[in-house]
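Participant: Before we start, here is the structure in question, set down as structure tokens.
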Amino acid sequence: MSAEVFYDDDADLSLIQGRKVAVLGYGSQGHAHALSLRDSGVDVRVGLPEGSKSRAKAEEQGLRVLSPAEASAEADVIMILAPDTAQRTLYTESVEPHLTAGKALFFGHGLNIRYGFITPPADVDVAMVAPKGPGHLVRRQFVDGKGVPCLVAVEQDATGNAFALALAYAAGIGGTRAGAIRTTFKEETETDLFGEQAVLCGGASALVQTGFEVLTEAGYAPEIAYFECLHELKLIVDLMYEGGIARMRYSVSDTAEYGDYSRGPRVVDARTKEEMKKILAEIQSGEFAREWIAEDDAGRPNFTKLREQGAAHPIEETGQKLRSMMSWVDRPITETA
Ligand SMILES: NC(=O)C1=CN([C@@H]2O[C@H](COP(=O)(O)OP(=O)(O)OC[C@H]3O[C@@H](n4cnc5c(N)ncnc54)[C@H](OP(=O)(O)O)[C@@H]3O)[C@@H](O)[C@H]2O)C=CC1
Ligand SMILES: CC[C@](O)(C(C)=O)C(=O)O
Ligand SMILES: [Mg+2]
Ligand SMILES: [Mg+2]
């Protein structure tokens, strides 16, 4: 069954223009939502704790910044864009006391609702507007008059108007310019976690690092290994992005195409597929979410160790040196659009 897709003409922007919106969090997604909603004529305030390093940035960019509790009290649409692990406490301390009947609680990712870490009262709308791309791209596309496709879902429709309101919100951040796809919190959460773990972040990072290790351990220069295993990946993925795997295979040499068909399935084989299925099962059962929240509650000891190990991988030192020779790719990771 193909998904339902909604565009600008299907959305009534005035629905969100007529509401007071609080965006809680001003990171990758938060800054993009708050700025683009404001530019779409929506009454926006940003909610951030005292001492948050994001406060100065939001104020410099002309937004009104309040505490999360003040913003939630003022607003009738509350979008939670704090880190997933911070959302439970943020909700209990600052949102729930102000979540009166008829208000709407929005999310950019379904984890806390899907796994029951947050249970809103029955008399509020609960919806999701989840752009399918990093926040900085969401903002950049909006400014360029384009948009990043969004997923839109309703978990609870107390007012009977939750989907129309979520679609209006998606229009306000440019999502319906590209297309907003209707989904559920369950589908968004499980596929998003699977995608980032098995393919986009986990799978791709492990593939790149392992390829780099094999070449350098065999005595090839790290610089050459970096170009082959990481730098050129973007060029190959850009071709897939533009025209699918078929377009990439059309564009590379026949030699590369034959190597792709005959060797690729030896790297990602039946065992890899079995492991991907296990990863999906851990997501579906809630095992991953419970593990991650417990890890965060414990002060993230394993996460910190793994982050340090990742940063110390030899590919990072080689990459830093090479990227400094290519001024057009040497962008700090915190740079905004
Ligand atoms: N990154 C992305 O592109 C995508 C993210 N999402 C989802 O969007 C949500 C936000 O993620 P992301 O934008 O990556 O988050 P970031 O880590 O980039 O930013 C989090 C923001 O929340 C602030 N913050 C931290 N604690 C609190 C709190 N208790 N109350 C209010 N604000 C707080 C941070 O402030 P400070 O600066 O002080 O730390 C920061 O401004 C998540 O649900 C994520 O899964 C969905 C799609 C893509
Ligand atoms: C791929 C990572 C992501 O799911 C995203 C940018 O969509 C995230 O959680 O950051
Ligand atoms: Mg994602
Ligand atoms: Mg994600």
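Any Cβ shown, glycine's included, is placed from N, Cα and C.
Residues annotated as active site in TrEMBL: HIS109. Residues or ranges marked as NADP(+) binding site in TrEMBL: TYR26, GLY27, SER28, GLN29, SER52, SER54, GLY135. TrEMBL lists ASP192, GLU196 with the feature Mg(2+) 1 binding site. Taken from TrEMBL, the feature Mg(2+) 2 binding site applies to ASP192, GLU228, GLU232. Positions annotated as substrate binding site by TrEMBL: SER253. Positions annotated as domain 'KARI N-terminal Rossmann' by TrEMBL: 3-183. Annotation comment: TrEMBL describes 184-329 as domain 'KARI C-terminal knotted'.
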Participant: Rank the binding-site residues GLY27, GLY135 by the number of other Cβ atoms within 10 Å of each Cβ and report the first-ranked residue.
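Facilitator: Within the set of binding-site residues, the most crowded position is GLY135.
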Participant: Measuring CB to CB from GLU228 (Mg(2+) 2 binding site), give everything in the same chain under 8 Å that is also at least six residues away in sequence.
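Facilitator: The list for GLU228 (Mg(2+) 2 binding site) reads GLY211, LEU215, given in order along the sequence.
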Participant: Please check each of the binding-site residues GLY27, SER28, SER52, SER54, GLU232 and report the ones with a CB atom less than 6 Å from an atom of ligand 1, ordered along the sequence.
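Facilitator: Result: GLY27, SER28, SER52, SER54.
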Participant: Helix, strand or coil for the residue listed as 'substrate binding site'? Use DSSP.
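Facilitator: Its secondary structure by DSSP: coil.
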Participant: Measuring Cα to Cα, how far is SER52 (NADP(+) binding site) from HIS109 (active site) in Å?
Facilitator: 22
Participant: Show me the subset of GLY27, ASP192, GLU196 whose Cα is within 10 Å of HIS109 (active site); these are the binding-site residues I mean.
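Facilitator: Hits: ASP192.
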Participant: Could you say which of the binding-site residues ASP192, GLU196, GLU232 has its Cβ with the most other Cβ atoms inside 10 Å?
Facilitator: ASP192
Participant: Does anything in the same chain, at least 6 positions from GLN29 (NADP(+) binding site), have a Cβ under 8 Å from its Cβ, and if so what?
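Facilitator: The answer is LEU81, GLY108, PRO131, GLY135, VAL138.
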Participant: Any of the binding-site residues GLY27, GLN29, SER54, GLU232, SER253 with a C-beta atom under 6 A from ligand 3? Give them in order, or none.
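Facilitator: Checking each Cβ against ligand 3, none of them comes under 6 Å.
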Participant: Using DSSP and collapsing to three states, where does TYR26 (NADP(+) binding site) fall: helix, strand or coil?
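Facilitator: Note: TYR26 (NADP(+) binding site) is coil by DSSP, not helix or strand.
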Participant: Tell me, by DSSP, whether GLU196 (Mg(2+) 1 binding site) is helix, strand or coil?
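Facilitator: DSSP call for GLU196 (Mg(2+) 1 binding site): helix.
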Participant: Long-range same-chain neighbours of TYR26 (NADP(+) binding site), Cβ under 8 Å, sequence gap at least 6?
Facilitator: ALA34, VAL46, LEU48, SER52, SER54, ARG55, LYS57, ALA58, LEU63, VAL65, LEU81
Participant: Excluding near sequence neighbours, so keeping only residues 6 or more apart in the same chain, what lies with its CB under 8 A of SER28 (NADP(+) binding site)?
Facilitator: PRO134, GLY135, HIS136
